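Asker: Following this message is one structure expressed as structure tokens.
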Amino acid sequence: VMSSSSSSALEMEIFQYIDAHQSDFIKDLTEWVAVKSDSVQPHLRKEVMQMMALAADRLAALGATVNLVNLGSHQLPDGQVLPLPSVILGELGKDPQNPTICFYGHVDVQPAKKEDGWNTDPYTLTEINGNLYGRGATDNKGPVLAWINAVGTFRALKFVVNFKFVIEGMEEAGSLGLEKLLEEENQSFFSDVDYIVISDNLWLSNKKPALTYGSRGNACFFVEVECGSKDLHSGTFGGIIHEPLLDLIALLDSLVDSTGHIQIPGIYDSVAALTEEERKLYESIDFDLEEHRNNCGVKKFLYGTKEEILLHLWRYPSLSIHGIEGAFHEPGIKTVIPAKVIGKFSIRQVPHMDLSVVKQQVVEHLEGVFSKRNSPNKLKVSMPLGAKPWLADVNDLLYKAARRAIKTVFGEDPDFIRDGSTVPVARMFQTITQKSVIMLPIGAADDGEHSQNEKISRYNYIEGTKLFAAFFLEISKLH
């Protein structure tokens, strides 16, 4: 174990090295962002493959042994069969005296086109006022590179921890094949792993660092109403039939009231009770309601206080309606009565809610509402996707180490936050490997992941690299 003075001397040396190599790190990110590794659109699958190869080369250049695991192929709804990108399993350092950290990241991105409202070309990393704009800059190419570059600074010095890497190219399309791979590798690849680190989320504010210790799950539902095999003309049939879209609107309208309260009986029964210790975590959090409101461009929120907003974003369930398939949505007028419409909504669930119970509650509620309408139409409710929530212990050694590293680099304690969205991989890693999992974000709240003009600031990218390096040193001190 290093003495604290030699450790802080090493820290200084590493931080100087990172500052000196800023432009190299940005050049790396430019090269990665240029690859259109969009895993959602079939015609770009080749680019995802290319991106996996690029990431594998980058790890090999560090001296890591890299195994590209073939996951086979998958079939799209239209019948087309596409190859799945390989998953990278990498390792660097095998000293049994040292702790082993496994990093998970993904190098695929959400779709992006200039005409969607980007100010710059989404696949050309562009620096404006200290911000690096480009698709994938913050989600997740920037953080993956920051981690790799932090590991690289240690290669220039000396290892204090062993590294493992799990890098995939299908995260934005549901991490197809990943769970099975983790299960297969659990006894071998993960056997000597002590800690798992995920950096695929954001701080809560634009300035103050954060550590994430939980995320909500997500249960997605389809509710389908069908009257017959073909669309009908509203002049010929309007006024004499039970229109599926009217049924569907009534069903969707029954789900949530105007205060945001979910109206499905029993849905709140198993939500974990708020403890005093947990409530305290909310008080010191740096969260500007007005700024958050301006960021999302709405006039007002459902709640008026910081605590209420965060509680309802993180630890209470919510229900959102996402759209209606089969209804006419192009510009102009079309007097059609659609024969079949599918409403899509999801429930973000929180600890202690059970997916199968939630599904049953939703189905019973919708069937009850539908039966009161005396409609001859066919109703079908399904839950195509269900992801469970994830929760870690903020008093875990891993969180304490990360907290100290943040203090070293940023000079302040982090906010302990949860994520209102779903991070299936955190839950997946924790469940399968039974190791400590931490989410260690380096992007700021206004980075716009999945949105137009996605960015990471130069500050967050470079200081984030330092944070990872300081974190390695903190981990080495635990052992």
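Positions of Cβ are set from backbone N, Cα and C atoms, glycine also.
Please treat TrEMBL annotations as automatic predictions, because they have not gone through curation.
What TrEMBL records for HIS106, ASP139, ASP200 is Mn(2+) 2 binding site. As annotated by TrEMBL, active site applies to ASP108. Under the heading Mn(2+) 1 binding site, TrEMBL lists ASP139, GLU172, HIS450. Annotation comment: TrEMBL describes GLU171 as active site, proton acceptor. As annotated by TrEMBL, domain 'Peptidase M20 dimerisation' applies to 216-369. According to TrEMBL, the site 'Important for catalytic activity' annotation covers HIS233.
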Asker: Across all chains shown, how many C-beta atoms besides its own are within 10 angstroms of the C-beta of GLU171 (active site, proton acceptor)?
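Answerer: Taking every protein chain into account, the count is 24.
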Asker: Restricting to the recorded positions HIS106, ASP108, HIS233, HIS450, which ones have a CA within 10 Å of the CA of GLU171 (active site, proton acceptor)?
Answerer: HIS106, ASP108
Asker: Can you give me the residues near the recorded Mn(2+) 2 site, meaning same chain, not HIS106, ASP139, ASP200 themselves, Cβ no more than 8 Å from the center of the site's Cβ atoms?
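Answerer: What remains near the Cβ centre is GLY105, ASN140, PRO143, VAL144, GLU171, GLU172, GLU449.
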Asker: Based on Cβ atoms within 10 Å, give me the single least packed residue among the recorded positions HIS106, HIS233, HIS450.
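Answerer: Each of the recorded positions HIS106, HIS233, HIS450 was scored; lowest Cβ tally within 10 Å is HIS233.
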Asker: Quick one: average pLDDT across the domain 'Peptidase M20 dimerisation' (216-369), no decimals.
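Answerer: Here the mean pLDDT over the domain 'Peptidase M20 dimerisation' (216-369) amounts to 95.
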Asker: Among the recorded positions GLU172, HIS233, HIS450, report those whose Cα falls within 10 Å of that of HIS106 (Mn(2+) 2 binding site); none is a fine answer.
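Answerer: Qualifying among GLU172, HIS233, HIS450: GLU172.
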Asker: Around the C-beta of ASP108 (active site), how many further C-beta atoms are within 10 angstroms, looking at every protein chain?
Answerer: 27
Asker: Take the C-alpha atoms of ASP200 (Mn(2+) 2 binding site) and GLU172 (Mn(2+) 1 binding site) and report the distance between them in angstrom, rounded.
Answerer: 11
Asker: Specify all same-chain residues, apart from the site residues ASP139, GLU172, HIS450, whose Cβ lies within 8 angstroms of the center of the Cβ atoms of the Mn(2+) 1 site, ordered by sequence.
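Answerer: Along the chain, the qualifying residues are VAL109, GLN110, GLY136, ASN140, GLU171, GLU449.
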Asker: Near ASP139 (Mn(2+) 2 binding site), meaning Cα within 10 Å, which of ASP108, HIS233, HIS450 (recorded positions)?
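Answerer: The recorded positions close to ASP139 (Mn(2+) 2 binding site) (Cα within 10 Å), listed in sequence order, are ASP108, HIS450.
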Asker: Just the number: how many Å between the Cα atoms of GLU172 (Mn(2+) 1 binding site) and the residue listed as 'active site'?
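Answerer: Here the two Cα atoms are 7 Å apart.
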